[in-house]
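**Student:** When I checked Swiss-Prot for this same protein, it listed these features:
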type	residues	note
TRANSMEM	11-31	transmembrane segment
TRANSMEM	39-59	transmembrane segment
TRANSMEM	69-89	transmembrane segment
TRANSMEM	93-113	transmembrane segment
TRANSMEM	128-148	transmembrane segment
TRANSMEM	170-190	transmembrane segment
Amino acid sequence: MKNLWNIFKKGLIAENPIFVLALSLCPALATTSTAVNGFTMGICVLFVITCNNTVVSIIKNVVNPKVRVPVYITCIATIVTVVELVMQAYAPLLYKQLGIYLALVVVFAIILARAETFASKNPVVPSFFDGLGMGCGFTLALTIIGMIRELFGSGAIFGVNVFGASYNPALIMILPPGGFILIGYLVAIVKVYNQHMEKIKMQKLEKANGGEA
């Protein structure tokens, strides 16, 4: 159980798809002008990557390695199609706001990368938790980016006005340049945090080794 928790939590910060692995930055930039859009896209990717990891792990021994990538993409496309149909039926407004980027989930680097590097080499349960962790990390990153951009770009969070009518919004925050700048700062913050945690881990390890000596 502890091993599964470690697999899950690495996707949150230590190997966050956006802030550490720097995968799927284009949709991260395009769909995070508001917190709702970022969160919704994150949930969609969470569902797709978790389901795809599970399916790939199940079929890994019966798929010819020479055609594995087309098979993985077909699996992803099938799951994404289901997500699109559900959103068209129950959340048409969000579906329109996400636009073509929802369909492009099929070729998101993070989904194919986890299928290739983890799910195709590990059992079903660890693959499920890997997809769940990476999906949660992706959702967390997109939601944080969306909240900050919406807060400073329109003075609201999840559509709720925070600063009042007198606030003069920084429109650059809801434009691509502002998104790039923000992502850069967040990547730097996460990098410093990970380095700090690694340093603490090494210090504990040195103390433990010293104690044994």
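Our numbering is plain: 1 for the first residue shown, then up by one each step along the chain.
Positions of Cβ are set from backbone N, Cα and C atoms, glycine also.
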**Student:** What stretch in 11-31, 69-89, 93-113, 128-148, 170-190 has the biggest tally of Cβ pairs under 8 Å against the transmembrane segment (39-59)?
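**Tutor:** Out of the listed stretches, 128-148 contacts the transmembrane segment (39-59) most.
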**Student:** Cβ pairs under 8 Å with the transmembrane segment (128-148): which stretch of 11-31, 69-89, 93-113, 170-190 has the most?
**Tutor:** 11-31
**Student:** Can you name the far-off residues of the same chain, 6+ from the ends of the transmembrane segment (11-31), with a Cβ under 8 Å from a Cβ of it?
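**Tutor:** That would be 37-38, 41, 45, 98, 101, 104-105, 108-110, 113, 130, 132-138, 140-142, 145-146, 176, 179-180, 183, 186-187, 190-191, 193-194, 197.
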